[in-house]
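The compositional bias 'Polar residues' annotation in Swiss-Prot covers 474-484. The feature compositional bias 'Basic and acidic residues' is assigned by Swiss-Prot to 516-526. If you look up Swiss-Prot, you'll see Asn78, Asn102, Asn289 marked as N-linked glycosylation site, on the strength of sequence analysis. The phosphotyrosine annotation in Swiss-Prot covers Tyr559, Tyr570. Look at Swiss-Prot and you will find 1-30 tagged as signal peptide. Per Swiss-Prot, topological domain 'Cytoplasmic' is recorded for 452-577. Sequence annotations record features per position, and here Swiss-Prot assigns transmembrane segment to 431-451 based on sequence analysis.
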Amino acid sequence: MELAGFHCCSWTVILLSALLPTTWRPPAAAHFIHRADLLSNTQMERAPLAKLTLTVNQSTVTEQREMAVFYCNTNADNITIHWVSNNSLLVLNERMKLSADNKTLTILIVQREDSGSYLCEVQHGFEVQRSNTASLTVNYGPDPVSIKLDSGVAAGDVVEVMEGNTVNFRVEAQSSPVPAYAWYLPSDFIQPPTTGTFTIDAVSREHEGMYRCLVSNPVTNLSRLGVVKVQVLEKVTAPNIEFPTLALVENATSVTLTCKTSHQRVGVHWFLKGQPLRPSDRLTLSSQNRTLTIHGLQRDDIGPYECEVWNWGSQARSVPLKLTINYGPDQVEITQGPASGVVSTIEAMLNSSLTLYCRADSIPGARYQWTHEHSSKVLDGEQLSIEALRQEHQGIYSCTSSNDVTGLARSASVLVMVVGLQSSSMSPGAIAGIVIGILVAIALAIGLGYFLYSTKDRWTRRRSASDTTSSNTIPPTSVMQSTPESRHNKPMTVYDNTPKPEGEARGKKMWSLPRDSPEQFYEKKPPSAAPEGPRKPLPQIPKQPLMPPGPGRNEESNYEKLLNSNHSLYCKITPSA
């Protein structure tokens, strides 16, 4: 571009010189001088330029170590020299230096960008001539080495590859000339390559390790080492969620879920009801997301829960886990049907059937027990059925719902009224009380009678024993000397307890004991012990039947049969009027 502009300016000067005589006439002296100078310049431009030569002190140099010196050889005078590099006008920098006449170009510190072709261009008037081309080769490198894997993913200082994939290794290092490669592999069974690339088919865990490549430049005598660490990722399999086997109770326990997997270099994600789980105050994750803790269990925390393990090449999710959270029982409800409303009072007809249902929300299912206020019987089951209502079925029925896992229980009651009962002045309870009272009174009466009878019998026996003793010692006052004829008419009495009329009592001669000393009347020994004593034994009283024979009985007899027939003691009983 510079040379083209230079030639354009020369032609402009010539055209202006040709036009000036026709448009403007200077003084004669000036015109003469101008014509003389123009003729002189024209003669000079027409003089041919000698051939140019370009030389360089060395065509091959080492970067940062050597310098390059170019020399433009020409004998022409009054010339202008321009330097051209790689077909472009050379732009000097701090590493380049020109001589005073511009014939010498020196590159003090050679860089790789200084490589290429160089020439010098000489301009003499309107004539331009170029020198020959000189090439400069700059040897450099190798630069820092980088090992690339086309099927891997960088994770920090590690490159991860999927198990079973084909992996291509490629070394990137700037160097001139082409360097030599020496590989150092983690496995001895891999043949070390001699180029900058090599391939492993179906990579496995055995191929993990450090891969090193030494790149050497034989010209610059420089070497650099490249290193890459390779990890082989397994294709992940589905994990499992582990949780405690203890019973989970609402508001009473917390639970920790663990995502169990055999893979080490994997990430873990949690899902709740198919959506990514968001941690909260009640849902907390460990540092590596391996465990999920649920604080203060609620009945809505049943899930399902899933955990997913993944790497950049594969992923797998666990089977959904649904928790069993025990709670309840909640409020107990008593109804007359499976889908009817809650009742507190029920009126039912006599002899009709009645079915009551007891229900309460509970996990596990609650246990139900029915009780009646007038009975100690306990019935199990959610349903209570009465086929025919009677009077005794009236009253309050209570249903108790209990949960054996949570240890909680609740109850509810309903009043059952039987309509159509027969009117009665007393209730069944009152009647039962009266019957029981009567039985108790009868028992008391029997006991009292037995007690009185026993007391009287004992008293009678003691009296009889006393009278018998007296009869053996004191003669009775009313012993009659009866004839045999009189003994056939009525029995003889030992004691006469019948009161006598006053006149008869006064007129009758009473037998009395003698006034002698008692020692003269009583004997110290019984008659049996002294048979020859002064006293004679008493005559034996003939035994008479209690009652005379039937047909021959005297109807006006004043004697009746005694109660105690076992005793031979009789008394006279005054007949009633």
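Just so it is clear, glycine is given a Cβ too, placed from its N, Cα and C backbone atoms.
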In the structure shown, which of the glycosylation sites Asn78, Asn102, Asn289 has the fewest other Cβ atoms within 10 Å?
Asn78
Just to verify a number: CA distance, Asn289 (N-linked glycosylation site) to Asn102 (N-linked glycosylation site), in angstrom, no decimals.
74
Do me a favour and check the Cα-Cα span between Asn78 (N-linked glycosylation site) and Asn102 (N-linked glycosylation site); whole Å is fine.
12
